[in-house]
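Can you read through this structure? Questions will come right after.
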Ligand SMILES: *Cc1c(COP(=O)(O)O)cnc(C)c1O
């Protein structure tokens with residue numbers, strides 16, 4: 001590991017937001033990748049910024065591998081497409097899943113073999129499809145039209161396209177923060193239409209490798225995840241009878257969530273692993289002996305490794321309420337403002353990263369904590385990062401507010417152009 005700071009002394013663990021792992025702290029400073037926050041801010045040279053902790057990503061992949069056994073692990077690049085993050089993950093996972101030509105180029109630039117890159121997502125343009133066929137990545141078909149375009153591009157380029165069919169199952173998965181399967185969907189091919197599509201594909205000579213099902217995002221319930229994986233395996237085994245050749249690829253999706261709010265609890269990864277092992281052993285392996293089973297995770301691999309760091313510009317008291325006005329906001333970290341698909345706005349875990357005191361996060365009232373409302377610099381009441389949370393009473397301009405759980409669907413899921421402020425920096429530490 002390389003940092004520009006001396007190794008910290010054994011860091012005391014500060015209890016943080018319930019459900020959120022304890023964070024390393026030294027001398028009142030949050031450590032990111034071992035670097036004290038104020039020093040990191042100097043190194044970056046500007047605020048706001050996103051910082052991603054390389055070590056925490058590495059550790060998370062190791063935990064997932066230990067729990068999930070030898071399924072193939074993919075990283076869904078859209079969760080965090082920073083090239084350095086994708087490069088780092090490319091050395092840790094078995095596959096990269098991309099959802100645009102731009103993400104595909106980021107993935108190819110890491111040196112990852114096109115055999116280990118898959119391209120999913122609705123509305124791939126004809127040019128994106130040509131690029132994907134030319135690159136030789138696996139194309140996950142979202143519709144019949146896409147299938148026709150892929151085959152035509154293959155003929156035109158003299159390349160045999162590699163495809164899998166993304167299936168919209170005939171069941172929905174409960175427990176997802178964002179549901180992406182079951183009923184009518186823009187994602188995937190309805191399960192009942194898959195046999196006809198397979199018959200057509202088989203006649204074209206395309207390399208039909210298997211199936212992909214992605215049920216939904218941000219699921220914290222191991223039982224529901226396990227249930228979805230079993231139902232998906234059953235569906236894939238049934239559809240495999242219609243495949244033009246042996247099924248070699250079964251992608252069961254991902255969607256494991258991370259805790260954001262006080263009542264959220266981390267996914268019981270061991271339980272997901274046990275269930276997956278039994279689904280593979282008693283359903284998939286016997287029926288589809290040639291198939292590699294894949295999981296593709298985005299948020300779960302990177303979300304907790306990321307911090308959004310923004311500086312207090314102003315402190316004002318308005319009719320008894322204390323506001324900390326920061327130089328960042330919803331234009332960089334939309335989700336924390338509650339405007340990225342949330343029905344009810346709740347506070348993301350937020351702390352003052354340069355004034356960490358034991359018990360000082362909303363794990364409990366610390367000595368000297370006082371309620372404050374953290375707002376961004378945009379001229380709209382939507383730009384609210386934390387509503388009435390306990391923060392050190394002496395918080396003042398210059399302090400560094402940190403939004404935790406900011407490693408996934410942060411910067412690239414935010415309206416950066418809104419109000420014309422500069423884009424934040426990103427660092428992988
Ligand atoms: C977004 C996406 C993922 C990743 O979802 P997470 O909830 O971040 O794990 C995986 N697969 C597909 C097809 C996706 O669109």
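Note that Cβ sites are derived from N, Cα and C of the backbone, with glycine treated the same way.
Straight out of TrEMBL:
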ACT_SITE  379  active site, proton donor
COMPBIAS  1-12  compositional bias 'Pro residues'
DOMAIN    55-302  domain 'Orn/DAP/Arg decarboxylase 2 N-terminal'
MOD_RES   78  N6-(pyridoxal phosphate)lysine
REGION    1-22  region 'Disordered'
How many Å separate the Cα atoms of residue 78 (N6-(pyridoxal phosphate)lysine) and residue 379 (active site, proton donor)?
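The Cα atom of residue 78 (N6-(pyridoxal phosphate)lysine) is 29 Å away from the Cα atom of residue 379 (active site, proton donor).
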Might you list, by sequence position, any residue in that chain lying six or more from the residue listed as 'active site, proton donor' with a Cβ less than 8 Å away from its Cβ?
419
Looking only at Cβ atoms, how many others are within 10 Å of the one on the residue listed as 'N6-(pyridoxal phosphate)lysine'?
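So the number of other Cβ atoms within 10 Å of the residue listed as 'N6-(pyridoxal phosphate)lysine' is 19.
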Mind looking up the mean pLDDT for the domain 'Orn/DAP/Arg decarboxylase 2 N-terminal' (55-302) in the predicted model?
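Summing pLDDT over the domain 'Orn/DAP/Arg decarboxylase 2 N-terminal' (55-302) and dividing by its length gives 95.
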Using DSSP with the three-state reduction, classify the residue listed as 'active site, proton donor' as helix, strand or coil.
coil
